[in-house]
Each structure stands twice: as structure tokens, then as C-alpha cells.
Amino acid sequence: MAPDIATSPEKQKALNLVMTQIERSFGKGSIMRLGDATRMKVETVPTGALPLDLALGGGLPRGRVVEIYGPESSGKTTLALHAIAAVQQTGGIAAFVDAEHALDPAYAAVLGVDIQNLLISQPDTGETALEIVDQLVRSTAVDVVVIDSVAALVPKAEIEGDMGDAHVGLQARLMSQALRKITGNIGKTGCIVIFLNQLRQKIGVTYGNPETTTGGNALKFYASVRLDIRRVQTLKKGTEEFGNRVKVKVAKNKVAPPFRVAEFDIIFGKGISRLGCILDMAEETGVVNRKGAWYSYNGENLAQGRDNTIKYMEENPEFARNIEQLVRQKLEMGAVVSANSVAANETDAEEEYVEEE
């Protein structure tokens, strides 16, 4: 007679056994409970946006492949440059493979990147770019490598050929071969490899999402973290646009529960609004209260409107540090905010947001 496994303890025992076997076969993090709040002990690098760090379970994981994709001007390069700045601030070495030949050193410096010590390469072909990435990773000296972007990794055969020549699947094969070669070394050296990618439209798709990323399917499989970044609001003062509100969805995460969403501001010419992130988290955790347009702390009004409150925090850095410390304490105690809860499956249209004068 077959054993009765309908009872809850028996099922739990069987579940624990199969999860252990799967993790033993395919590695730690290959399966986990979606509601598990504890993150794996993987070293991470902050992204510059506190809500995104929460959504990722700590930050960008070391020794992993990360893909950041989204429409044009959504903040992909800005996010990558903030990660480079965070690595450099801890004494790490960063490299930027500029396949698009579009890096703005002045903007990178504003974001905190040490451009004097940033390694930069502007390769002519995709093969050269990926070979440079492989050698940098194998050197064990580099902590983060950013490739901007996958779409610009043009195979040598395509460059040497004529306009109009068909090169079906050439870039996809190149990416697949390169990732097979690079991935093992990345895990051993602890280097973060960040691929920035563009979106394309699939032709003839009637049902489902017509968007896809360039470079074939290999990167989707090899990436431990995939971030989908979208512009959802245009920030304005009167009629003047001064930034974007962006939403980042963690489309894939092998080191923490996926499908979380983070929202934050990117200010033109300044990058991610760190104080804006702190204020949003302070409001969600109850450190700062908002009634109508007024923000208050310990019963005392700070300023009217979000923009004015951020300005107040800029003028009072000690107060801002105190608020950040209180927010982090609340989060460490398990406070649930929008960034560490599972995302709703919805499509948001881009909106305009007008700040108070």
C-alpha cells in the first residue's frame, strides 16, 4: 500500500527534500519561496537608489551577470554609472566598454564617477568588445564592467560586409558563445558584468507583449538579474522639465525574490535623486508624515510640497542623515514598503507630474 503523504507534515518534508535536491543540483538560489524576506548572503553593490536596493534584496550582486533594459532615455546608463561610482567609492576598479561611443565624461563625473581612474574601451567590433570583457574579468583586478550596449556589439562580418547583406542570427550566436565563455570566470572573480540593452518590436505579434531585447535569448538565461526600467512621469516646474520619474521592475532575480518594483526620480544633469529616495522611504515607513501637501517630522512641519521638502533636506544635511538612519533602522526591523513587496501585473502609461513652484 502506498504511503499516505496527504498530511501537511509529510508534504512539507517532501517539499523540503526536493528543494534541497534542486539547490544541490542547480545551485543556491535556483528555487525559493516568493514570500521569503531573507536574502542570500551574496555581496552586493548599491545602485544609488534606496528603493531599488530594497527591491534587489541589497543591491547588484557581485560575481553575476546583470542586464538593464528599457526604452531610449529611460535611465539605463545613469543607473550603470551610479553602480560604477559606488564600486569606486569602496576602492574598486571599474571598466566601461562604450560600444555606442556615447559616454559623456562630464555627466559621469557629476554622478560621482572617478573618470581619471575609470577604464574605458571603445571597440570597433562585437568580438573585440567581448574579448576585452573576458580578459578584464579573468584579470581578477576589475570589480565591475559595463557594456553599453548589446545592440551596438556589431559582429565583424557585418562591419566588413556591404549594406543590405543578410546576417541572420550572427549577433545572437556571438552573444551565446561569449556568455558561455565569460560566465564561469565571472563567478570565480566576483566581478559584476552589466549589459545595457535596447528594446525592439517583434513583427506580427497580436497577443502578448511585442517587445523584445536585442542579442538573442542567451543573455536572458545567463543573467542573474534583469532590470526593466521605464519612464513613467515627466517632472516639471511650471512648464520647465527637470527630470523623470522612473519605475524599475526586477524581471528576473536569482539571488532574491523577483518581480519587485522600485520608483525613484532621475534629475537631468544630476542623476538619481538620493534625497528624493530617502523622503519617499521615510514617508512609507512613517518616519516622516504627509498631510495634504505638508510634510512633517515629530509633529513639526518641514515644508509644503515634495520638492520644497527635498530642498529643505539639501539645506540641512545633518537632518537628512538622521532621517536616512531612521529609515534604514525601520527597514532592518522588517518594515514593508512598496519596493520590497511583489509587483502588480499592470502596464502604466507615461504621465506628467508638475512640481509645486
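Here the Cβ of each residue, glycine as well, is placed from N, Cα and C on the backbone.
What Swiss-Prot records for this protein:
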type: BINDING; residues: G70, P71, E72, S73, S74, G75, K76, T77; note: ATP binding site
Name the residues of the same chain, 6+ apart in sequence, whose Cβ is under 8 Å from the Cβ of P71 (ATP binding site)?
L199, R230, R231
So for S73 (ATP binding site), how many other CB atoms are inside 10 Å of its CB?
11
Chain-mates of G70, P71, E72, S73, S74, G75, K76, T77 with C-beta within 8 Å of site centroid, ATP:
I229, R231
What is the number of other Cβ atoms found within 10 Å of the Cβ of G70 (ATP binding site)?
24
Around the Cβ of K76 (ATP binding site), the count of other Cβ atoms that are within 10 Å:
24
If I restrict to non-local contacts, at least six residues apart, and a C-beta distance under 8 angstroms, what lies near S74 (ATP binding site) in its own chain?
I229, R230, R231, N244, V246
Long-range neighbours only, meaning 6 or more apart in sequence with Cβ under 8 Å: which ones does T77 (ATP binding site) have?
L103, D148, L196
Since the record lists E72, G75 as binding-site residues, which of them has the fewest other Cβ atoms within 10 Å of its Cβ?
E72
